[in-house]
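Trainee: When I checked TrEMBL for this same protein, it listed these features:
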{"type": "ACT_SITE", "residues": "A:E413", "note": "active site, proton acceptor"}
{"type": "BINDING", "residues": "A:T96, A:G138", "note": "FAD binding site"}
{"type": "DOMAIN", "residues": "A:2-89", "note": "domain 'Acyl-coenzyme A oxidase N-terminal'"}
{"type": "DOMAIN", "residues": "A:235-428", "note": "domain 'Acyl-CoA oxidase C-alpha1'"}
{"type": "DOMAIN", "residues": "A:476-662", "note": "domain 'Acyl-CoA oxidase C-terminal'"}
{"type": "REGION", "residues": "A:669-688", "note": "region 'Disordered'"}
There are 2 protein chains.
Amino acid sequence: MQEPRLQTDDLWWMSRKERYIRACERGELFVKIVRENNIPFEERYPLELLLGEDLFILLHDVMFAPTLMNLADEEQQGWWLQKALNYDILGTYAQTELTHGSNVRGIKTTAEYEENLFEEGGWHIHTPSLEAVKWWPGGLGKSCNCCILMARVIIKGKDYGPHPFFFQVRDWETHASLPGIELRDIGAKLGYNGMDNGAMRISHVNIPRRNMLMKFVIVEKDGAYRKVGDDKMLFGTMTYTRLKISSGAGFNLAKAVTSTIRYSAVRRQFQMQRVVLGADIDNHLDDDEKDALASQDQLKLLVKPSKRTEAQVLDYSSQQFIIFPQLALAFAMHFAGQEAGKAYDAALLEFRASKFDALTEMHVLTSTLKAVSTVLMADGMEQCRKCMGGHGFLNAAGVGPQYLSALPQATYEGDFVVLSIQVGQQLLNAVSSKMMKGKKSNPKTPSLQYIYEYDPAKPSLPPKAAELDSLLQNHDFLMAALKSRANYIHFTSAQTFQEEVAAQGKMGAETLDTVKIELMRMTYAHAYVLYSDFFKKRLTELETQSPRVASVLKLVFELFCLTVMDQSYDRGGGFGDFVAAGVLPHNGQGQLLRRIKQLLKDIRPHAVPLVDGWNIPDFLLNSVLGRYDGRVYESLYESTRNEPLNETDISEGYYKHLQYLLHPERRRDEAAAARAAPAPSATPPGRL
Amino acid sequence: MQEPRLQTDDLWWMSRKERYIRACERGELFVKIVRENNIPFEERYPLELLLGEDLFILLHDVMFAPTLMNLADEEQQGWWLQKALNYDILGTYAQTELTHGSNVRGIKTTAEYEENLFEEGGWHIHTPSLEAVKWWPGGLGKSCNCCILMARVIIKGKDYGPHPFFFQVRDWETHASLPGIELRDIGAKLGYNGMDNGAMRISHVNIPRRNMLMKFVIVEKDGAYRKVGDDKMLFGTMTYTRLKISSGAGFNLAKAVTSTIRYSAVRRQFQMQRVVLGADIDNHLDDDEKDALASQDQLKLLVKPSKRTEAQVLDYSSQQFIIFPQLALAFAMHFAGQEAGKAYDAALLEFRASKFDALTEMHVLTSTLKAVSTVLMADGMEQCRKCMGGHGFLNAAGVGPQYLSALPQATYEGDFVVLSIQVGQQLLNAVSSKMMKGKKSNPKTPSLQYIYEYDPAKPSLPPKAAELDSLLQNHDFLMAALKSRANYIHFTSAQTFQEEVAAQGKMGAETLDTVKIELMRMTYAHAYVLYSDFFKKRLTELETQSPRVASVLKLVFELFCLTVMDQSYDRGGGFGDFVAAGVLPHNGQGQLLRRIKQLLKDIRPHAVPLVDGWNIPDFLLNSVLGRYDGRVYESLYESTRNEPLNETDISEGYYKHLQYLLHPERRRDEAAAARAAPAPSATPPGRL
């Protein structure tokens, strides 16, 4: 911590205003560092994650600047892009309206073309109703002075649908909102309160014709509208944003898991130094632990449970059963995010060369991971918080406020339901192109290949109980089981869908609605296939790169797969699905749970080293309970100094109200005194 | 809203200090109403729920006063009880310490008896270490001037364990904390911030001998310690508190369900008046709907979906699939809380007459409901919040802050894990007294009777597919299915436990730890048996009292049971358990889901009338999205006026930081100016 302004330990006690000012300070600091060190645009995102606060810069870097890169033509980029990359202007992405979020085609803000505006023609931008007020864009309330505005293009009465515009909202010099533009912060949220999510109402504002981004669509001065090349990139910003969101999910969960595991182990850490240091280490450790000790240099964590004191919570199987699957999930989501990022980078090069073969694959991949990872991340963080007991409810524990700030990720840019409908339809398509058209593969969607390889006419038979124990340790079996289960869900859902179509005699939006529950289940099942494949890929690489690490992560991988098979991370499916799919015997739950319990025991000695290995600094964990040094209770007690209520012993609430509750006669006495004399002086201060 | 001080619509934007002062104002108002109307103690709890804020009065009424009633002897009650009932003193219950919550026997605060203190002997109270600091008691930080203090009694070196004391903490007149007593608020929490949860450090404070509550334990002047009658009531406050907590769970969930269902239907409500009012009602409604119309007088809600506009979210099966099971759960938990309350009232009369036959039944009943209802309530409220989409993340939507304020209920007074271990052991006892001792019943635990009636040697066979459709509508089948599933879990878990005992050759705390996961699953399964039994009992009563209501609630009851069978409300179990228990065929998931979908459709027209029927006033919902009048978007937009950031167009953050980010030269210019001239004046204010 060489930079004092990165202090975060006062964050959880701030008022909304104080937090926003802190966010502005962080923004200034971030830009200063970027400028002084000439940090290229591509390398700024990890730096942002280190700021310890959510702020307008995020939208500027993830949505505003990339949209200019992807959708502005060369001349337009010359006007705006360099300024954006250098933060001489601050932008955001204004698409969502009060009544339209995910459904971009429904937005109502209008951009009417008028040839006689300005010299070269212009756009008349307007918010036609309350419902069309822009609502949610991060940074739009107070911070940004411009944005990408999505508005419905109307030329000579014809509606061309939503298009992106470069739109200035505040004066470059004074920062005052421009005439005709009303800007507000949309108010306190459950979390994410460093961000000034904004509302914007536009009253008849004119902007030049060339403020529409014209890489793929051109509107001439005479109002002629034409497309240039392929406009598939027009909404590509959303795909990129979904990728970025899902890439961060593993890290967010990892923070919560780190704090929870450390807190659950902390008193044992204290005890260790007393019990184990010194000559009798050999008497206290078994061979496995000595190995781990040699490899980890983590003396404090490697002691056998002592019977002389209360057991520590991390040794309870109930605690392990909740936390360790979250540890496994954090790895799974992190690996999936990284692998999807690599695939996207490759695809982006093709897209920019107007080759769009990988478009569906990228859409399904990023939508699945965005939909599922954000929900599992939020659930997992809350599970971790609950595992910290009562103290976990304090802001000082860190996990709670971080969970709340991560929550909107499950909603914005397409929530689980919306995305699962899109993903589910692609999965249905794959099933139907196999079943109806006999296709054996679709080279454009390699991640759906397992669907083409499934034969629903040959249902698998569940293994016998005698074989099951060893199969549950067989990675090929585990991965095949997740795929068979997914295929069972996909193919039975497709059949239900066909029946609905046949019953209704046609296929429409209402037919799709009859299988939405199935589409959600398909999306979850598909996500687990992706996670396990990506996880196994990384595990295989590690087996040569770092066999020691791989030998531990192997256990974590197995726990991930078995958790899906036992009860699932989500609420749908789990064991019942696997029985129905013929992958597990109906009486196999006992064996499954026994293996899980063994894995929990095996992972236990590695749990703290694993999270310490993530090396997340204390200022980012921002948790008195998750501190690396384990000084939990002192820190917790000290943290109360941050609470404004503790500035005085006797609070204002006593002078204003409590004293009259306890001593109602004082109210009467004061009233009598007021009649007899001038108004009483101000409330006396409490003593310090 | 005749009482202006019950305004709540500014609550979600307040700073911590402002909220605490508001809580004090509500406290004063509450006591004024109680005094002016002579409201008896027993009738005050519902009034507290109407205050729209969590405050110190709750602890005073639910824990402080009842403890005096139950554990103080007659003379002591004469000193303190009347004052407490009249709020001349304000108390709380100080048991939890920084390192000991649920495990009361582990608390470390000491009360050493000294015969020569005062005239009649006294106690030397002390906090021996940081770990022993009292931590969490509601109202202890700033509001209360006394408490029930749990401290470890030590007489002549002998430790008698924790006992309750009446303990003054603040001056009756000035409210200053007393010498030797350090009080603090424990700081900002995720929610529940009207409550001043406190920390207390006691440094060598002496109190009279008779400040120990002596109804069941007497310590004489010479230090003689003796029990009087049966001291089973000593920790009875916890049982009562658990009952109160679980009784409120259904109401909390009902609030969230109301807001979510109204918001999901709101635009259709608007449309109805246009579409249906007038003479052509007959053309738009089918017979069922006309019936409902006649019975409900809820014209606006009863229209068929129109194809002329966008579908409303409440018509999507995906939305119904998430919300309606929460509607069902709210009823189930509410009925269970009420029935448990009746049983407890009856038992309490026996307890006060020193008859303790019902003790185990009450312990298992309140522990099961407390453990499961609070977890399902919290999960359900968050599901409802997510169903409100992006706007649900705003405090203005109400459900979020309410969810966060309800969250600690899942943790305090025994969290799920701690209670499930207690419940699970009782369930294991029942299994073993049946299997080992051949008992056919235990009259002291009627709610466990179903365990005695189960024969694990005769496993049930799953019904055939052809029978299943009608069985899924058969209430006897549904209830029997929940019981068979629970018994399957109980008996297989008991077997696993026996195997562990046999393997380890003994039974200790570590043996119990090996089945903690099973104990959790047993507790869930048992809770669903209780819910469905209580629900069915009320349904049967309603069938004669109000057949119309019963005909709708019947659907809700079925949905409740089928949701447990399909995927469970919790994460463990669901369909797989029922297959393993032989209750459902392994390929029955499709039929189950089909029936659920039909129920969702059937419940849809009744959803809004059902929540309107709860009649929860707008000021308690405190949600711009859940308003009875449906003016959602106007209210949402207006709510931004509450946000302090919107007091100015240009924020302080701009003047302090953003301007230097956008115009770095200003920093240099100012530095130059500062060298040339005196310090610049204060930050200029933003324009209004």
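Heads up, the Cβ atoms here are built off N, Cα and C, so glycines get one too.
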Trainee: Which of the recorded positions A:T96, A:G138, A:E413 have a Cβ lying under 8 Å from any Cβ of chain B?
Mentor: A:T96
Trainee: Within its own chain, what residues at least 6 apart in sequence put their Cβ under 8 Å from the Cβ of A:T96 (FAD binding site), listed in sequence order?
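Mentor: The answer is A:K134, A:W135, A:W136, A:P137, A:Y412.
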Trainee: Round to a whole number and give the Cα-to-Cα distance in Å for the pair A:E413 (active site, proton acceptor) and A:G138 (FAD binding site).
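Mentor: One finds 12 Å between the Cα atoms of these residues.
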Trainee: Other than its own, how many Cβ atoms are within 10 Å of the Cβ belonging to A:G138 (FAD binding site)?
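Mentor: For A:G138 (FAD binding site), the 10 Å Cβ neighbour count is 27.
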Trainee: So, by DSSP, how many helix, strand and coil residues make up the domain 'Acyl-coenzyme A oxidase N-terminal' (A:2-89)?
Mentor: 64 helix, 0 strand, 24 coil
Trainee: Taking only the residues in the domain 'Acyl-coenzyme A oxidase N-terminal' (A:2-89), give me the average pLDDT of this model.
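Mentor: Average per-residue pLDDT within the domain 'Acyl-coenzyme A oxidase N-terminal' (A:2-89): 91.
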